[in-house]
Amino acid sequence: MPAGSLVSKAWAKYGIDFGTFLVIAKGALPAVICVAMYEARPVANFYTTLGYLNSIVAALGFSFLPRAKFLQMSILNAIGICMGAAFSLLIMYCATQARVHTTPPEEMAQLMQALSESASDPSQGSILSLPYNSSASAVCGIWLFFGIWISTSMRARRPQLIFPVVMFSIVINVSATYGTLLPTMEMCELFVREVLLSMLTGLGVSFGVGIFFIPITSRVSARKMIFGYITLLKHTIRAEQEQVKLLKSRRIYRVETSTTSVQMPSNKRASVADTLQQLASTHRALETEINCIAREVEFNRLSTDNFREIFSNLGAVAFQIRGLDTIADALEQNATIQEQRMNEGSDIAGDRGSEESNNSQLSVAIYRNANSLFTEVAGLVEESLDHFLITFQMGPSSLRKKQKHNGTADDTRDPCYLPGGGSFSTYLEQKLHSIHTQALENLQNVRLLSQRQHKGGSTEDISHGLDGSSIEELYLLLHMQAMLQSTGKCALIFIHAADRIRGDEKAFKNALRYPTLPTLKHWVGSLLMTHTTDIYSMDRSAKLTFGDLYHGMKDAEREHPETWWELLVSGFEKIYRFLGSEDSQLGFRAACATMSIAIVAFLASSQVFFIKQRLIWATITVPVALTTSSGSATRGLFWRVVGTVAAMVLSIVNYYIVDGRTAGIIVFLFVFLCFDMYIMVKFPRYLIAGLLGLVTQVLIIGYELQVRKIGQQVAETSGQPVYPIYEIAPYRLLAVIGGCFAAFIWTIFPSAVTDAYRIRTKLGLSLDLLAQYYTCSQVVWDIDLRALAEPDSPAPNAWQREELVKMRTNVFSEILVLLEEVKLHLNDSFWDPRLGGKFPKKKYSEITYQIQSIVSHLGLISTTANLLPDALKEDARPKSDTDWRNNLVQLLLSRRSDEVVCTFSMLASSLSDGKPLPPCSVPALYNTSPDMNQLLPLGHMAEPGFIVYAAPRVVSELWRNQLQSVVDNVRYLVGEFRFSILESTYYA
């Protein structure tokens, strides 16, 4: 087999294409450039013993990121380094003053004289020859503790600052440990200057590679992500279509007689769930990338507004495609209910067989209509997505060839009507109109079938509803038709927008795209903004927006401040809240973990040991390795140790495989760093493990080449003895592992923040936010319904509805983000050190899936108003029809929404606090009494207005079932506050 074929197969197996390889190589290149650069004599003389910092900072620069993200990170890293240098000067100033005030003048004069004599030949002296001072060490230790605490707290509060905080920590760790020995500010300033220049040089090299070597823009990245997003959409709709097709094996949906029913394979459900999860993750990543586009300068045809419009319309299509999953769920639920009724009545004599036959005919007719409509709409949606890819040239060239081949095979279809053709939108509109007409005919046929079914033995007026089972199936048909038609409508809007953008010759041309001033202001504000996902931030946002119109949370311990003094003092509450927050606690743990190692540098008996054995890299590793939960800490410790050991082995192999020759070492360093970059690029969850492996290789190889260049005598002026590589490599390994282990210990000590705790509290918060989301959705729904029933009545201000929709969208996004975090914690729960029984992972996984299903179903209900045609909103009907519609709206407005919110709140409170659940049940939203059928005659079933009731009714039953499962699972986890004395067998 040819070697090229083997390489191609290997690359495909590990998910590497040429673009991915370039990204990996780009990430490894800056560190290699810095190592090679140090071989120049002027560079080596300039940086001396701090040259290896260049390559480490260059590796931490993440030059492989798209341009906008990379620029943001570079700016923040530079700010972090400069702030670290300023803070270091403060530390050293305080330390030198402490030394001056605690050292006798005679000793200080002798020290100054000795320093002036050794200044003529710095290579002859070592920093360890300087005297120890306890006051200076104590001051440095206190400032180091404070700096690590405040910086890590900010990192926890603002995750975008994680690597700038790492840069800050490197500077202050180096300065605080060496600052205990430097007696004058002149020496301190010189030392900080060398550290600052070394780190900024590495950052500059990374900046040059990121900008000029194979530049990757956010627009290029977004185009690739859009293609992947559309590919996932196609997989999703095909998987959902396959689910619907598999339901034909159910007994109720088959014409032939059978006593068995085949359940849907669980692997098919898991496949759809996995695809939907990938879709949600890609959606959020694409949203982040499009926000970065606005901050980028580039020549391109598509503007930022174009990308945002594409993303908005594509998101609407994706939301509808996700909603199509409810069709299979509803059909399966209907099959289960109908088959259960048939089984329960199989032992009853009489004409039961004919009734079952009629029920089966109705179910078969509904299933066939749904399956045929699903197949047609799915095909049109896929062609619409292909049309978009071809129009904007985001897909492979094979896609256009495939469409041309399909056009050649289909002689009945005009080439202009094919995806990518100029009249495809017209073709799509015609097909959707044909599908809508066919759906109305199908609905009429099913309605007639239902009437024939109930003509025989029933004495009720067939114009006023049906029995429970038949009318629910008709609601099901209406829901499925509405979902499919709305999906087609979203696809048509998407195509119209794409054609409009592509057809605007003035705007769709290569032009300089640059950020506007408001965009830059918003970007700076986002860097300073604290992003917290909690019920309090949502409550504060609602109060600021709606004022007295919002009745939300109150302080149970304080009245609203009125006097100027109360308002002034209430501001200090934020400080106390921050000091007691989880962010501050994480910073305190990081500071304690750092000081548990750094304390060795501040004691007279161990200071020399600390510097000689290079324990400073253990202190630097702590802020990088610290995590927020014990499970992730255990997993991180394991994989970081594995990655660091592998890096040590690769470093030794690298050095000896070329017999210590510098050129070969640098080449193989690039090759081995690519392995670490592969982990960072392809497995972001293990980014820190790959990063520590990369830093370990650079530390070992870079330091060894540095010693060879500047000589052993100059290298030992830093106080660190020179070792051969087979000794220095284990030293570096132990230092990094020691830092990781200290971070792990202080994550689980004195009390472990377990992943189980994170899962429980975040699911409780998700339920709290779900109550808010449901409330916002219901208020918007009520506003639309009242406008429909009373078009002449004064409507609320438009901004109020817009703000409610915006708040609903924000809460929806926050819930999805929380659920993604919960899934990560569920994966880490395997590593959670536990005492006692097993963690009920299955129950928490079920609750996570059920909450995600509920929020998706509620989102579908919130879009029902958008499904109504414009004719429905025009009051041009006979008065009898208008009265019927108003009565229907009043029925919808009388639903029991408050009880649902109470159920959400009780579940959230019990799960968050771990307290027993009060006896509760899921309320029925709609009235199901016989009187309701008087409002729902069959004559109105084919009208568009009936969708207002039928579609939410079916979806509500789906999410009510999910909510009941949440109640059962929460009750299983936390218990229920009730007595079962009367149920006991001992009760008499």
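Just so you know, glycine gets a Cβ as well, placed from its N, Cα and C.
Going by TrEMBL, these are the annotated features:
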DOMAIN    7-350  domain 'Putative ER transporter 6TM N-terminal'
DOMAIN    607-746  domain 'Integral membrane bound transporter'
TRANSMEM  18-38  transmembrane segment
TRANSMEM  44-65  transmembrane segment
TRANSMEM  77-98  transmembrane segment
TRANSMEM  130-149  transmembrane segment
TRANSMEM  161-183  transmembrane segment
TRANSMEM  195-216  transmembrane segment
TRANSMEM  586-609  transmembrane segment
TRANSMEM  638-657  transmembrane segment
TRANSMEM  663-679  transmembrane segment
TRANSMEM  686-703  transmembrane segment
TRANSMEM  731-753  transmembrane segment
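Across the domain 'Integral membrane bound transporter' (607-746), DSSP helix (H, G, I), strand (E, B) and coil residues number 121 helix, 0 strand, 19 coil. Within its own chain, the transmembrane segment (638-657) has Cβ neighbours under 8 Å at 625, 664-665, 668-669, 672, 675-676, 679, 686, 688-690, 692-694, 696-697, 700-701, 704, 725-726, 729-730, 732-733, 736-737, 740, 831, counting only residues six or more beyond its boundaries. In terms of C-beta pairs under 8 Å, the stretch of 18-38, 44-65, 77-98, 161-183, 195-216 lying closest in packing to the transmembrane segment (130-149) is 161-183. Away from its own ends, the transmembrane segment (77-98) comes close to residues 57, 60-61, 133, 135-140, 143-144, 147, 161, 163-172, 174-176, 179-180, 182-185, 188-189, 191-192, 195-196, 199-200, 203 of its chain (Cβ-Cβ under 8 Å, at least six residues beyond either end). Sequence-remote contacts of a segment are chain residues at least 6 beyond its ends whose Cβ falls under 8 Å from one of its Cβ atoms, and for the transmembrane segment (195-216) they are 22-23, 26, 29-30, 33-34, 37, 47, 50-51, 53-67, 70, 74, 77-78, 81-82, 85, 88, 167, 170-171, 174-175.
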